[in-house]
């Protein structure tokens, strides 16, 4: 039994499946079987034909993929036990942590959406620092990967936040790996490479994409490009969610908003990305400007958390509770 559990943990990608060498891997990839999920739902005949392998080998590969993904019915008690091991990263504000059920969760995607200057990037910077704190201080003693699509990542801000927490700024910077994504294809390619990077360094506990939609929105404008954009965005988001689930890490994505001219009452802004982005993130939080350095966070959607609003502040030292 222990050997089966260990084998399940070892299988992370298609190339980890027994009997899948480089030649078979190349054939599977060319035929569209590049993920464990695609293999798990394939028929033995299709897989055998695509990779040029015997039916019995295809059956074994499919079974291994299904076992690795733990595709089976589970009791509610098993699911509760799995949920109990989910970890949280503090945001720096007790009020915001409370809204999130204790902080930014691992094994899921948290979306922060709001207008320009609302504080989304500030939260991303803060959590990239806080993930490095020990568990007793609200962190995971881990590292962060930061995908910057808008050129807003600032080391000066990271150092100020680190110093405020009594951390060595240079060490904190060393534990944050950042890359500037220059367009949609580059952004997608970066995420596709993340699995290899994270598999080699299990101390990575946070992935940030700031922002998830800016390149998609700029490059796929117009109704005629909407279907292609949504398909690419959907696949991109699911790759990130899969990383969160496999490697027990937190994923934060930020998103822009746009005005709806048909709204005559209430908040006229909605998140960019349509239904694709409404359904994929496990937790969706809207960030709004308030007076001065205060911001309002509103829980929009989470299956296990109630709707609500809290106020927090963006200070010189980082994200903090709002002073009364």
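Yeah, the Cβs are placed from backbone N, Cα and C, and that goes for glycine too.
Here is what Swiss-Prot records for this protein:
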BINDING   114, 115, 116, 117, 118, 119, 120, 121  ATP binding site
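Taking the features listed in Swiss-Prot, we show where each one sits on the structure.
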{"residue": "114", "record": "ATP binding site", "Cβ neighbours (10 Å)": "24"}
{"residue": "115", "record": "ATP binding site", "Cβ neighbours (10 Å)": "16"}
{"residue": "116", "record": "ATP binding site", "Cβ neighbours (10 Å)": "9"}
{"residue": "117", "record": "ATP binding site", "Cβ neighbours (10 Å)": "12"}
{"residue": "118", "record": "ATP binding site", "Cβ neighbours (10 Å)": "22"}
{"residue": "119", "record": "ATP binding site", "Cβ neighbours (10 Å)": "25"}
{"residue": "120", "record": "ATP binding site", "Cβ neighbours (10 Å)": "26"}
{"residue": "121", "record": "ATP binding site", "Cβ neighbours (10 Å)": "21"}
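Listed in chain order, the residues near the ATP site other than 114, 115, 116, 117, 118, 119, 120, 121 are 287, 289, each with its Cβ within 8 Å of the site Cβ centroid.
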